[in-house]
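Below: the structure, in structure tokens.
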Amino acid sequence: MEELITFNFKVLQKSSKVSRILLNANTSRNTSFYAREMESENGTVITEFILLGLTQSRDIQLLVFVLVLIFYFIILPGNFLIIFTIRSDPGLTAPLYFFLGNLAFLDASYSFIVAPRMLVDFLSEKKVISYRGCITQLFFLHFVGGGEGLLLVVMAFDRYIAICRPLHYSTVMNPRACYAMLLALWLGGFVHSIIQVVFILRLPFCGPNQLDNFFCDVPQVIKLACTNTFVVELLMVFNSGLMTLLCFLGLLASYAVILCRIRGSSSEAKNKAMSTCTTHIIVIFFMFGPGIFIYTRPFRAFPADKVVSLFHTVIFPLLNPVIYTLRNQEVKASMKKVFNKHIA
């Protein structure tokens, strides 16, 4: 009888040990499962994105590659020549030329964010960008783009003071005020961009990882998130789209006021002001038109998106300073002097 009791006691002890082992194993598996679930829900699983590119046709890719490359190597040196001319000519010290030099610098920087990688990807079979690289490209795209939009606002303010308040121009647009405005627009571009990046970094990405574009931008990246992005899309439209639209309408209104004020001016002053304002308005449409098309509507893909993005990120930024220069006699004359002095 005692042997039977001892045997049963040992069996119970072994059963208890087995139960504890099974319980610990189940707990470990459950913890691992929930950890994986939490990682999938709150963490970024994707480490890279595949860019589908501008088009799938190799012939069209080659054609665009050649055209963009030629355009890039002709216009980009022109932008640097504008910067060098304004910096080296003592006669171009007015705020208008100070801001024009900064516009050329911002536009050249803007084209460097997208165009070089796009040209390399045209020659690559697999177009891959890392998650960090994508976020970095997106940040600088909106940082420089936001700063450029604010710079056009500052340039409109400069023209308003010069034409409508000429007696106060030297007081209002003094060098200290110009540098303060320049700092403010850089800070504004940073704030605008960092808001976008913070929202995107909070989104989980667990697949798919194919971006239907030739670069990383907010609309395409948000669509790949593994969660409901309706609220984030609204915030992005408010941050990018509404800001672009309000700047555009405000700039058009300001130039309308300027044009109304110069109607009674002398013929020579009127023609000069008209030429300057017309140039600014053309650049405003180049800068804000594609931005309004891309960012002020819900993030749905349209067939024209990639073409508009190509002009917005590569073509127009390089053209903007050139348009200003071709319609400004002082800058053209100074560039001829620089060219004859250093090259001819």
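Quick reminder: no glycine exception, Cβ is built from N, Cα and C everywhere.
TrEMBL annotations: computationally assigned, not manually curated.
Feature annotation from TrEMBL assigns domain 'G-protein coupled receptors family 1 profile' to 78-324.
Annotated transmembrane segment per TrEMBL: 60-84 (among others), in sequence order.
Per TrEMBL, transmembrane segment is recorded for 96-115 (among others).
Residues of the same chain lying 6 or more positions beyond the ends of the transmembrane segment (135-157) and with a Cβ under 8 Å from any Cβ of it are 96, 99-100, 102-103, 106-107, 109-110, 113-114, 117, 129, 181-182, 184-186, 188-190, 192-194, 196-197, 200-201, 215-218, 221, 240, 243-244, 247, 250-251, 254-255, 280, 283-284, 287-288, 291, 313, 317. Residues annotated as transmembrane segment in TrEMBL: 135-157 (among others).
Counting only same-chain residues 6+ beyond the ends of the transmembrane segment (178-201), those with a CB under 8 A from a CB of the stretch are 95, 98-99, 102, 135, 138-151, 153-154, 157, 218, 221-222, 232, 235-236, 239-240, 243. Per TrEMBL, the feature transmembrane segment maps to 178-201 (among others).
For 242-262 (among others), the entry in TrEMBL reads transmembrane segment.
Residues of the same chain lying 6 or more positions beyond the ends of the transmembrane segment (274-295) and with a Cβ under 8 Å from any Cβ of it are 96, 145, 148-149, 152, 155-156, 159, 217-219, 236-237, 240-241, 244-245, 247-248, 251-252, 255, 258-259, 262, 304-305, 308-309, 311-312, 316, 319-320, 323-324, 327-328. Under the heading transmembrane segment, TrEMBL lists 274-295 (among others).
Beyond the ends of the transmembrane segment (307-326), by six or more residues, the same chain brings 54, 64, 68, 71-72, 75-76, 78-79, 82, 100, 103-104, 106-108, 110-111, 113-115, 118, 141, 148, 213-215, 217, 279, 282-283, 286-287, 290-291, 293-294, 332, 335 to within a C-beta distance below 8 angstroms of the stretch. Sequence annotations record features per position, and here TrEMBL assigns transmembrane segment to 307-326 (among others).
Within the same chain, residues 68, 72, 76, 79-80, 82-83, 86-87, 137, 140-141, 144-145, 147-148, 151-152, 154-155, 158-159, 162, 178, 182, 214-215, 276, 313-314, 317-318, 320-321, 324-325, 328, 330-331 sit at least 6 positions outside the transmembrane segment (96-115) and bring their C-beta atoms closer than 8 Å to a C-beta of that stretch. When Cβ-Cβ distances below 8 Å are used as the criterion, the transmembrane segment (242-262) is approached by residues 146, 149-150, 152-153, 156-157, 159-160, 163-164, 192, 269-270, 273-274, 277, 280-281, 284, 288-289, 291-292, 295-296 of the same chain, each at least six residues removed from its ends.
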